[in-house]
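Read through the structure below, which is laid out as structure tokens, and then see the notes.
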């Protein structure tokens, strides 16, 4: 009985940790980018720092201290066809998403992110990974309508910020599509540490190239900025810890739990941002539209989970499928 209570306590602790870190990272990035005290309006540079820090820390933890293990079996062909596209889209998502915070509020950016399932589904249909149905079309319509209503209720809408945020949404949708095409179909399954170990350096390179031409000249012209090293390390460490918290939640709960926790986190971010940031002014139309969109997202998650469950059940009952999975070059442990 005591073990069960301890297990439940740890589960709730991991979920709360994920919600706190995910929300905190969003607020932290917004504050760093918009704060007059730090004066660091360089989202590309900030994201590049995150990826370099993650690359170095992963290397130290896995190759020097050896406290964590990286999945073996990565080949140049797999890296070129799987990791590079995923890393490039991950870099695009973080870059554009962080840039949007310079133009729109955290709450409105979060509301626009609710359109993500629509982007994933449309691109999935185009790639032949999803099948159009009346049910899914209805769900996509509900999400789109909710986001439109939330946007209509935005008082200080900035279309440059909207374009950046939607670009980040498209980048994330493409990343998920590439994960489906290059990872799942090849049987390549990596734990979060392995993903960070392989993807972070690739994303850093993809961010470094545009940073040289877009932000480095501005940073050189501006001169030194007031970015305390302690805050810089904490900001990068928070990003790394967030990825680990996702691993803990998935390991100790389920995919459904991480999705539900994500919805809770979205509402926490929207409501808290109205208290923490002066540029956030929520209206009843905002909240009403976002509630509609979140209801559509919940329905979409439910459909995806049912599909994944039925596929896993089918794979377990098919010996040939199990043999194919065992023969793949890289599997999870």
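We number each residue from 1, going along the chain as drawn.
Backbone N, Cα and C atoms are what each Cβ position is placed from, and that goes for glycine too.
Residues or ranges marked as transmembrane segment in TrEMBL: 9-28 (among others). The list of residues near the transmembrane segment (9-28) in space but at least 6 beyond its ends in sequence, with Cβ under 8 angstroms from a Cβ of it, reads 106, 110, 234-235, 238-239, 241-242, 245-246, 248-249, 252-253, 257-258, 261-262, 264-265, 268-269, 272-273, 276.
Residues or ranges marked as domain 'Sugar phosphate transporter' by TrEMBL: 14-301.
What TrEMBL lists as transmembrane segment is 40-65 (among others). Beyond its flanks by at least six residues, the transmembrane segment (40-65) meets 29, 32-34, 91, 94-95, 98-99, 101-102, 193, 196-197, 200-201, 203-204, 207-208, 210-211, 214-215, 218-219, 225, 227, 232-233, 235-237, 239-240, 243 of its own chain at Cβ-Cβ distances under 8 Å.
Residues or ranges marked as transmembrane segment in TrEMBL: 77-96 (among others).
The annotation transmembrane segment is assigned in TrEMBL to 102-129 (among others).
According to TrEMBL, the transmembrane segment annotation covers 136-153 (among others).
Outside the transmembrane segment (159-183), and at least 6 residues removed from its termini, the chain residues within Cβ reach (under 8 Å) are 81-82, 85-86, 89-90, 92-97, 99-104, 108-109, 112-113, 115-116, 119-120, 123-124, 127, 129, 151, 189-190. Look at TrEMBL and you will find 159-183 (among others) tagged as transmembrane segment.
The transmembrane segment annotation in TrEMBL covers 195-214 (among others).
For the transmembrane segment (226-249), same-chain residues at least 6 beyond its ends with a Cβ under 8 Å from one of its own Cβ atoms are 14-15, 17-18, 21-22, 24-25, 28-29, 32, 37-40, 46, 49-50, 53-54, 57, 191-193, 195-196, 257-258, 261. Summarising the annotation, TrEMBL assigns transmembrane segment to 226-249 (among others).
Taken from TrEMBL, the feature transmembrane segment covers 256-278 (among others). Outside the transmembrane segment (256-278) by six or more residues, the chain places 15, 18-19, 22-23, 26-27, 30, 34, 105-107, 110-111, 113-114, 246, 249-250, 287, 290, 294, 297-298, 301, 305 with a CB less than 8 A from a CB of the stretch.
Non-local neighbours of the transmembrane segment (284-301) in the same chain are 107-108, 111, 114-117, 121, 136, 139-140, 142-143, 145-154, 256, 259, 263, 266-267, 270; each lies 6+ residues outside the stretch with a CB under 8 Å from one of its CB atoms. The feature transmembrane segment is assigned by TrEMBL to 284-301 (among others).
Feature annotation from TrEMBL assigns region 'Disordered' to 309-333.
The annotation compositional bias 'Polar residues' is assigned in TrEMBL to 319-333.
Highest Cβ pair count under 8 Å relative to the transmembrane segment (77-96), across stretches 102-129, 136-153, 195-214: 195-214. In the predicted model, residues of the domain 'Sugar phosphate transporter' (14-301) average a pLDDT of 87.
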